[in-house]
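What follows is one structure encoded as structure tokens, with my remarks underneath.
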């Protein structure tokens, strides 16, 4: 019997096709709708997304502060065995909680979380990023300086008596204790050093979602042990950097402290006198431990933020006062909630126990409309297509820069003169005399020479390391930024939508998914074509985000092809799509 044309069917009706032979039948289910007429007014979707983030971040502040104090005690006990007494712990903990370090840690945590809540914006050069975020950078630098200072002060409390006081009595007068000032400057330098090193690394600022989720307690225990072990080796080279820094600027810092506290100096200051401090092996060991402590604090704060922010959250599919899954996907302002929604959709699609997947295959009562599925597939394909368009736009920009290094910067003027040249040649063919005072060719040559000169001047300036570091922009930076910010969401969505489509063979009782399979395949093939072009760029091929996205897309297309290839004729796929799917059908696509 000839199958009906799927593309001509009304989506509000039950779909019948050869696929129906593989589909079970079951009665329609009523999808609950939100109550109306209630005095309670539900917050808008953006407010609910923000509340989800704030609810997680309040635990981040508490646990990050607790871990910092715990690490300080762990590092301090080997330095002063008196603190093995538990009663001493409580008194020290109370004094730490009442110290200015607690206040600055809270302010630093709130500032960091506000930065994370904001949508990431691409800045082509480092100087533009610095100018746009100068106020935030100044605040974070100020906080890091004071946190490093007070961390050093607390650390020095547990050291030998020669290091605890900032002043020493020498020849009847109070002089600056250089050991104390050395450790103070160590804390400030290391805090700023590790902050800027982390801030300059884009991957360090992004959340990393684990493949297999564990409990928060087990993750924190594992990460704490790992960070403590690695902090000593990672802080060894920065400690050597600080020694070189102190040789040139340590005396200036000592004079600054002497003027503040109105202290004298023990000797005349010079580079050689500063080098005598480095003969004190105990001082060098203390500075190394302090650097490891500061690095450990910074790394653990990042780990705590990542652990709490990436914990899976179950969203309602429909009919709830809370924000539903599709609305969380739709909002771009809060990337964390979009990641959580995409992650939850992937879990729903792949899980064998999650009953929420059945809601996508249900029809509404009254009306019999597949609202849940239609809303999901429209939003998912819109996100995938938007991601694809962004890649194509920047890919064209890179190709244009590679192939047209000598193109004039004034394209409009060049087109104008090209038009004039065509008119002049046409007039000469028809015997019409030209009254132009100067030939167009000379003006074109001037424009081309000027553009070539400007291009060479730009390349010469950017070849300088300092200028290139501040004002230079690599040709693939924008593509890497797009991949780093959006590839994880797209990976989850591609996996989820392909899994839902494949499982619809057994679970979709009405065949509502069949109508949209052709659109899903078309969207996937467009993205695959764009990724093949992106792969031609040598700077992108080794990108971890690119490799994961390309592998996921290939695997998802294979899943759909394996289940539905025998029904492609009934789906009325475009000839171009069938041609692109040939290697998948014959299992030759690598």
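Along the chain as shown, the residues are counted starting at 1.
A Cβ is built for glycine as well, from the same backbone N, Cα and C atoms used for every other residue.
Features of the protein shown, as given by TrEMBL:
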- 21-39: compositional bias 'Polar residues' (COMPBIAS)
- 21-42: region 'Disordered' (REGION)
- 59-81: transmembrane segment (TRANSMEM)
- 93-117: transmembrane segment (TRANSMEM)
- 138-159: transmembrane segment (TRANSMEM)
- 236-257: transmembrane segment (TRANSMEM)
- 277-298: transmembrane segment (TRANSMEM)
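Counted over residue pairs 6 or more apart, the CB atoms of the transmembrane segment (236-257) and the transmembrane segment (277-298) come under 8 Å in at least three pairs, which marks the two as touching. Beyond the transmembrane segment (277-298), the same-chain residues lying 6 or more positions past its ends with a Cβ under 8 Å from any Cβ of the stretch are 67-68, 71-72, 75, 79, 148, 151-152, 155, 159-160, 163, 178-179, 182-183, 186-187, 190-191, 194-195, 198, 227-228, 231-232, 234-236, 238-239, 242-243, 246, 250. Long-range contacts of the transmembrane segment (93-117) within the same chain: residues 50, 53, 57, 60-61, 64-65, 68-69, 72-73, 136, 139-140, 143-144, 146-147, 150-151, 153-154, 301, 305, 309, 334, 336, each at least 6 residues beyond the stretch ends and with a Cβ under 8 Å from a Cβ of the stretch.
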